[in-house]
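Annotation source TrEMBL lists FAD binding site at GLU102, ALA103, VAL309, GLU515. TrEMBL lists 23-40 with the feature compositional bias 'Low complexity'. According to TrEMBL, the domain 'Amine oxidase' annotation covers 80-538. The region 'Disordered' annotation in TrEMBL covers 23-43.
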Amino acid sequence: MDAFKGIFNDAGDLFDSIKDKIASPSSDKASSDSGSRDASNAVKKISFENMTQDLDEAGEMPGSIPPQIVLDVLVVGAGLAGLTTAYRLLQNDEDLRVRVVEATERVGGRLLTRSIKTAGAGKDFFDVGGEWLSRKQKRMMDLTTELGLETYRQNYAGAKILVPVDGKPVPFLDNFYPINMFGRYDLNSFIARLEILRQYVPVDDPTQCEDAMEWDGITLEAFKKSHTWTEAGRLIFDALVVLNLGVTPREISLLFFLYVLNTFDGWNNFCNVGTDTAKELKIKARAERLCAILADRVEKEKIILNDPVVEINQEDEEFSSVRTLEGRIFWAKRVVIAIPPKCIERISFRPKLPLGKEAILKRSFAGICLKYVVTFETVFWRNETISKNGIVIKLVDQKKELEKMKTYGEADIMGYSYVFDATTVHSMPALMGVAFSRKLRDSYEPSDREDVILNSLKEFFGEKVYSRLDYTDKLWGDEEYGPSYPCTVVSPGAFSVDYMMVQRPFLRVHWAGTETSTCYYGQMEGAVESADRVASEVTYYLNHVESEDPAVYTDAEEVKERTASVVSEDGDSVSQEGVLV
């Protein structure tokens, strides 16, 4: 044990020296690099089998070196996927040494709740991040029940509002869009075509599609233009894609979009609001409460905040070393990465990630989204001659906006924007909206955004919006280590290279997150599914089961059952063996 401590003391001196040099602006880079290598070598000389045995006997780590923790599993990311992974692992084995490290100041990731003033001089909680779920989402329904949470329905009774390009807002019922019959037929025919094509894209591995390379080389925009002919149908399709993915059809491939449709079990579940859609229910206590309870179940002392991971070294035969920006060092048998792709790119891997994984990470991106909530004394939008359900879809002509930018140097402030009734389960009236606008981000201070939003709402609901009680918003995708909303997408050409790299473990590193899921891509259900998969993988490996190929759990059979038939353009059911004419 004395020899063991001696090695650590030597390593500790080297680490202290490095930290001093990093802290000093005048540090000599070459000397620092040399010190880092020496420290790394000193630590790597330790036999981990002996080290863990001695640590168990001593009960603690020697205090002369930077904080170092020996673990079974380290989870990177304290969003829904990361916390659910840690929770499931500890359910499987409560003695597992598990820690969660998070780059930001809070748990929750894309789930964020704010408390603001409401009717009756009170306050209530509102989601400004992910919030919806569905009765069809078995994992989310089971998890909410397990954590003692209840749900309630999103209000969708009454008329929606469509805001045409340069036109007057028009109310409409259900999904019967107020456009001419040719535009409606054009839109419905195109959606039916997509429903047929998606059956040829295996959700467990889209690269197995016979036309994967071709369809990944075609943008959804190009495919849309080739198979639609009305401007009205095209504009509505664009708006629905942006609402659910945060990007326009010209930014993603046909293959990627068909894959996403499959994870939702089709168009209706993907884009509509109502019974048996992905926007059916909300959580009464708000969505972020999920992560708060999970953090309690995992135990908060096992969760480290405000400390981004900067390096993962897997060169040792048994343990991976994970270094954080604050100087913490974790030695873990397994590492779970549960953060967005843009944040993974900030981590240095040794050895380097496979080329296929790097390619997908580098070509993953997300739009800029502002999500806001405005509270009122009454639900005045429901009391009109035609009762409105608060749902607004604003169309944008991208070509005209580009011409405005070239001619006048400015475009529509709001860009694509949408509004929903956010009245709480306690009957506190509110409207929630999302806007995808770089101009709103780049040209307006947070204090000015409220006026822009209220002026926009006035177009839909009249002067009464100025009698608001309170306002809050969240600009997603603008933080160094923060997530984007609603999700991350993959640019054309990258998705067909090696999709399985999205899920396949890299040595001792596993991948979680809604973008790695085979169901409900970008949704809370996808995050929980990925956590269940990764917990299964990690448990498999920790139990010393040897396998030539990594064990990757997916819902392939379940998905095949869900996608066993789709609807053809004339409304008939088409089997998996159906032939596209």
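Yeah, the Cβs are placed from backbone N, Cα and C, and that goes for glycine too.
Taking the features listed in TrEMBL, we show where each one sits on the structure.
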residue	record	DSSP class
GLU102	FAD binding site	coil
VAL309	FAD binding site	strand
GLU515	FAD binding site	helix
Which same-chain residues, if any, lie at least 6 apart from VAL309 (FAD binding site) yet have Cβ under 8 Å of it: VAL76, VAL101, ALA103, VAL322, ARG323, THR324, LEU325, ILE347
Greatest C-beta neighbour count within 10 angstroms, which of the binding-site residues GLU102, GLU515: GLU102
ALA103 (FAD binding site): tally of other CB atoms within 10 A of its CB: 23
Predicted model, mean pLDDT over the domain 'Amine oxidase' (80-538): 91
